[in-house]
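Accompanying notes for the structure given below.
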Amino acid sequence: MKRIFLFIATNIAVIAVMSVVLSLLGVDRFISQAGLNLPMLLVFSLVVGFTGSIISLLISKPMAKWSTGARVIDAPSSSTELWLIDTVSKLAQRAGIKMPEVAVYDGEPNAFATGAFRDSALVAVSTGLLQSMTKDEVEAVLAHEVAHVANGDMVTMTLVQGVVNTFVVFLSRVVGYFVDRAISRDNNNSQGIGYTITVIVSQIVFGIAASVIVAWFSRHREFRADAGAAKLLGSPQPMMKALARLGGIEPTSLPEGLASLGINDKPGFAALFSSHPPIEDRIAALRSLQ
């Protein structure tokens, strides 16, 4: 979840800055100076949308290090760090990718992988995860993150986010144009304060709605990463036990009726915005691989 949250947050910030700068430069006025020019607006939206997501991808690794305080293990200083390096190296070799950077950061049990390219990625784990899980469970989590890298999930998410950004930028300006025309007393096509306010509000509203699409796609990729981890480890059992540990289930039991235990990342409406599927669904999917 941390990986997706950082990417989306950075993307939103980049899009917001680009929108403000381009508005100050008069690009919005140029597009609508002779009426609403939809083809030109679409090109503008594509450029802004994909530029924002690509910039977010390119800076994802340094942003992740900075925001989490992650420390890259250059020279292992303990047996745990040496084990982490050896384990990630082994998993990366199995997955057919180059050795990622390995980092540790202080925090609750969590892990993430990020980076613009498959062969220059970062895999990070929290101290909380290392302290609360067995080595087999940590290895399963690492396999899950390596699978994300091998699947090219960050690049795929960039493409999805770019398309989503395009529609958000496009639709917000179309709505802004018509609202401005409806409340404006001028017959010319100059933009008023109504346009600016409507575009800002629309980008926020459409951006929130679009995040549901991004979150849905992210949940789909999590199932694939779980399956990838099972393949790397030769069995789905370690990943099932790691997920059970994260969900607060006794990992040695793994009962069939997981739903009755109330394990869910985000219940109800909030589940639409969750980047991860419910843990019981992920374990059920892994069980089907046996």
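The count begins at 1 with the first shown residue.
Quick reminder: no glycine exception, Cβ is built from N, Cα and C everywhere.
Within its own chain, Glu145 (active site) has Ala111, Phe112, Ala113, Val123, Ala225 as residues 6 or more apart in sequence whose C-beta sits under 8 angstroms from its own. Look at Glu145 (active site): DSSP puts it in a helix. According to Swiss-Prot, the active site annotation covers Glu145, on the basis of sequence analysis.
If you take the C-beta of Glu222 (Zn(2+) binding site) and look for same-chain residues 6 or more apart in sequence within under 8 angstroms, you find Ser275, His276, Pro277, Arg282. Residues or ranges marked as Zn(2+) binding site by Swiss-Prot on the basis of sequence analysis: His144, His148, Glu222.
Under the heading transmembrane segment, Swiss-Prot lists 4-24 (among others), citing sequence analysis as support.
Swiss-Prot lists 39-59 (among others) with the feature transmembrane segment.
What Swiss-Prot lists as transmembrane segment is 159-179 (among others), and the listing cites sequence analysis.
Annotation comment: Swiss-Prot describes 197-217 (among others) as transmembrane segment, evidence class sequence analysis.
Surrounding the centroid of the Cβ atoms of His144, His148, Glu222, where the record places Zn(2+), the chain contributes additional residues within 8 Å, namely Ala113, Glu145, Ala147, Asp153, Arg221, Arg224, Ala225, Asp226, Gly228, Ala229.
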